[in-house]
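Copied over from Swiss-Prot, here are the features:
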REGION    1-32  region 'Disordered'
REGION    7-162  region '3'-phosphoesterase domain (PE)'
BINDING   His42, His48, Asp50  Mn(2+) 1 binding site
REGION    189-211  region 'Disordered'
REGION    219-521  region 'Ligase domain (Lig)'
REGION    514-546  region 'Disordered'
REGION    549-793  region 'DNA repair polymerase domain (Pol)'
BINDING   Phe604, His651, Asp671, Ser704, Gly705, Gly706, Lys707, Gly708, Met709, His710, Ser768, Arg776, Ala777, Arg778  ATP binding site
BINDING   Asp669, Asp671  Mn(2+) 3 binding site
Amino acid sequence: MPSSKPLAEYARKRDFRQTPEPSGRKPRKDSTGLLRYCVQKHDASRLHYDFRLELDGTLKSWAVPKGPCLDPAVKRLAVQVEDHPLDYADFEGSIPQGHYGAGDVIVWDRGAWTPLDDPREGLEKGHLSFALDGEKLSGRWHLIRTNLRGKQSQWFLVKAKDGEARSLDRFDVLKERPDSVLSERTLLPRHGEAATPAARPARRGKSGGKTPMPEWIAPELASLVEQPPRGEWAYELKLDGYRLMSRIEDGHVRLLTRNGHDWTERLPHLEKALAGLGLQRSWLDGELVVLDEEGRPDFQALQNAFEEGRGENILYVLFDLPYHEGEDLRDVALEERRARLEALLEGRDEDPLRFSATLAEDPRDLLASACKLGLEGVIGKRLGSAYRSRRSNDWIKLKCQLRQEFVIVGYTEPKGSRRHIGALLLGLYSPDEERRLRYAGKVGSGFTAASLKKVRERLEPLAVRSSPLAKVPPARETGSVQWVRPQQLCEVSYAQMTRGGIIRQAVFHGLREDKPAREVTGERPAGPPPLRGARKASAGASRAATAGVRISHPQRLIDPSIQASKLELAEFHARYADLLLRDLRERPVSLVRGPDGIGGELFFQKHAARLKIPGIVQLDPALDPGHPPLLQIRSAEALVGAVQMGSIEFHTWNASLANLERPDRFVLDLDPDPALPWKRMLEATQLSLTLLDELGLRAFLKTSGGKGMHLLVPLERRHGWDEVKDFAQAISQHLARLMPERFSAVSGPRNRVGKIFVDYLRNSRGASTVAAYSVRAREGLPVSVPVFREELDSLQGANQWNLRSLPQRLDELAGDDPWADYAGTRQRISAAMRRQLGRG
């Protein structure tokens, strides 16, 4: 049981007249409904990290000497210390010498946490499992109490094996991301120690001072977004070319690709032009392009210029100056770096060096104009931002069409008058550490006679006998293929990507050779980047708001097979909340949660168990004695809030809150042997409906979103749980007796080989069925969709619709509702019905 004075030890150790730490006397009001989490980097007698989880009105706290680690193989000692007040999660400052914990403190990470089991029980038993949703740490974690001796309880902090885990030798989050998430501070080193370079805010009005010449500066990369963000931004045209960094030392010029390959010898005219700037120690950043007759960048022409030795046609459009004449400008504001660069290039209109001008138009108008002109899109850069050698939310790109690089995995032979190749087979690597190569479709248009010949010549030496793909697509999709080693990239535009990750209406634009094939994992538009200074309003980076709920990590993939993000899932639930709430609003709700997406661990949750979701209702504990409260979802806010906390599926009881002891429906879940053809499922559904017709009961149909069909039979609230379940079981057994070759009334895979199990078990008290219009946690994110009985013969599968194709389904219905008569259906179980089933 929580202490009546949980902060007594905290207060005893501190003199709040001297220390800036919060006293905790005024409890922090919780407006989000989320449980807070934070990690503070504390430079006390020894540098360590304080790990804190909100519970029962305080922050449970552990000192982690070596800090958190994303590697599940690494256990980090965590010494439990006194509880801290909730306000401490925002504390940054310097604790004076001579006081407890003297030294500097920054907020290294913060966000929300979700217990995966009862957290009080976990703390008592010594094993707390939870999910983090922070700016740096996320996914599932464990705190495990040890038997190590010490003055204080000693635990291990361990990362679980999930999609957020990373091996320590590949990524050390403490070294890679050392700074504050609250203020962009870094801890200063003690005397005689070296500090990790900090990601400081950009400076205005002064340079970085004379510093050693960097051997290499990796370029800053832009993040793909769907719409222009708010805030102060400068926009330029997006150039369809090759990224190039220029290093000038003692007047000697080197031209380097984004991966550090030296292209100086390939571009002597640019080497000469850059030398003509008279620079001695500088780095410049820009893009190689070739312009067509109308002055537009032409990627195919750029390739041809390299292939045909006509490099003099290549222009170098410069847009940044990260290092200038011995001064490191990476921490200087964007507009000041660009002003210096523009001055360098002034008056060189006939030169192959050009300046990428800032365009003053509204970004939406600018993008529309760029698209009309056939350009690739626009680039936005946040005013005041520093130059960072990584993909950044300070640089964004808005594209006119879906266009990206793909790995060529094979080609088909030409037909008819076409020569050299028919089509290219394309692949993309998975973004995880396993880097699996998956099939992404074909491209057969956009080629010229010359490019067909060139592509064939490039691919023939790469020919191999077997497919390089992790999963070979069916021959009907690919035809006869010559597979190749996955080394060559091409750039392709396309109209859409299907839920299976296959591109449609693809157009070839050229081969690429400026990056390794294994880097090509595909792009997915992100939400607008956060405003500078907006961190205090948000518990995590890269957030978006949907139905009034802030979505953390909006671009986290819920289903990599269709590149479906957490934000897309949240937006689906906001858009179709009215449909979902018809089933959810008046019933206890259970959740299927997958914080790491469908590929991670999934768990079923029917009780609150300290889970806080904005807008969700915790029901009277007396409804389910001996357990935490049941859950109820009444609003779009609660629905989207559940998605924010990792929920994917929503299940409901067969009784409403009007009378939880009297079910108002029963469900027959037709669950097939996976090997059965779909036709057998349709026949089984019709046979089950026929039996219900004979009994005088009307059923309403929906696809399960999985493999089977659900038949929902409304009832007047006259029967108890046992009576309803017994009746549903009688139907199941009756079908199995009549047609034992088709139906089974016994659960378990062994009992439904070649058959369909008529699952009646969902009719027990506390059992539940996936709600109508709920997404399923399966590949493709299918949806459980109501259908008319007359549509049965035309159904193609139980997973026919998913979160992206449901809008088309609803448009086709044009307002017709397959369940329009559901609420008005009045029927009950009679003695005559029982006798028909042999239960008289």
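Every residue, even glycine, has its Cβ placed from backbone N, Cα and C.
Not measured: the values here are computed from a predicted model.
The structure, with features from Swiss-Prot marked on it.
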| residue | record | Cβ contacts under 8 Å, 6 or more apart |
| --- | --- | --- |
| His42 | Mn(2+) 1 binding site | His48, Tyr49, Asp50, Ala63, Gly101, Gly103, Asp104, Val105 |
| Phe604 | ATP binding site | Ser590, Leu591, Val592, Arg593 |
| Asp669 | Mn(2+) 3 binding site | Ser704, Gly708, His710, Val758, Asp759, Arg762, Thr769 |
| Asp671 | ATP binding site | Lys707, Gly708, Arg752, Ile756, Phe757, Val758, Asp759 |
| Gly705 | ATP binding site | Val770, Ser774, Val775, Arg776, Arg778, Pro782, Val783, Ser784, Val785, Ala798, Asn799 |
| Met709 | ATP binding site | Leu670, Met681, Ala684, Thr685, Leu701, Lys702, Thr703, Ala798 |
| Ser768 | ATP binding site | Pro588, Val589, Ser590, Lys606, His651, Thr652, Trp653, Asn654, Arg762 |
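Largest Cα-to-Cα span within the ATP-binding set Phe604, His651, Asp671, Ser704, Gly705, Gly706, Lys707, Gly708, Met709, His710, Ser768, Arg776, Ala777, Arg778: 21 Å.
Secondary structure at Asp671 (ATP binding site), taken from DSSP and collapsed to helix, strand or coil, is strand. Listed in sequence order, the residues Gln40, Lys41, Ala44, Leu47, Tyr49, Ala63, Val64, Val105 complete the 8 Å Cβ shell around the Mn(2+) 1 site centroid, once His42, His48, Asp50 themselves are left out.
A 10 Å cutoff on Cβ-Cβ distances gives Asp50 (Mn(2+) 1 binding site) a total of 24 other Cβ atoms nearby, all chains included. Shown are the binding-site residues His48, Lys707, Ala777; the one with the most C-beta atoms within 10 angstroms of its own C-beta is Ala777. Model confidence over the region 'DNA repair polymerase domain (Pol)' (549-793) is summarised by a mean pLDDT of 90.
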